[in-house]
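J.: I am attaching a structure below and will ask some questions about it afterwards.
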Ligand SMILES: O=P(O)(O)OC[C@H]1O[C@H](OP(=O)(O)OP(=O)(O)O)[C@H](O)[C@@H]1O
Ligand SMILES: O=c1cc[nH]c(=O)[nH]1
């Protein structure tokens, strides 16, 4: 039986089937606590750190990890946001009017050890674009990548230093990260494309 969801083939949404929950809200929270400790341990403290979240879900991750590091080290960590939609190398497939927004980093990245954060690492193209955007703001001492989920299938030589969970996936699967600040829900689920 074929599924018809709209008048034209172009506007049909792919059918998705939920395969299971990978992380609950409390598992996400515990993972972020562990990652905050790892960041501090591997950087000998937090004094030279700057946190940068990639819109959309990297932003609440950076904010939460910033709060956790502040609790551990008793010092605030500069935290900013990158919106990389303008820098993606696949704009032609991103829709007719991709949004272009100014990034508000809000602190000087020069000489800092930057922890760049996103929810999912897949092909690596978002991170490549984020690095371009970041270096438009200055020259950090280092850039270390943190992702909540690494699902494999890299198309570029990009690896994360801090990983919440490594999830082997097929290309027909999608990881959906839901965070309360963005989605009014909190979990990570695995879904499968069935169209
Ligand atoms: O490694 P990549 O192949 O670049 O994929 C990873 C990116 O895909 C998702 O963003 P998406 O473009 O779906 O936008 P969203 O964050 O607004 O959901 C996710 O949040 C990562 O940023
Ligand atoms: O599975 C994926 C791939 C890219 N981005 C996501 O959010 N999930």
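Even glycines carry a Cβ here, placed using N, Cα and C.
Whatever TrEMBL says is automated annotation, not expert-curated.
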J.: Could you check which of 1-21, 22-42 is flagged in TrEMBL as region 'Disordered'?
T.: 1-21
J.: TrEMBL lists motif 'PRPP-binding' for one of the ranges 75-87, 88-100, 101-113, 114-126; which is that range?
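T.: Motif 'PRPP-binding', as annotated by TrEMBL, spans 114-126.
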J.: Which value does the mean pLDDT take for the domain 'Phosphoribosyltransferase' (27-161) in this predicted structure?
T.: 91
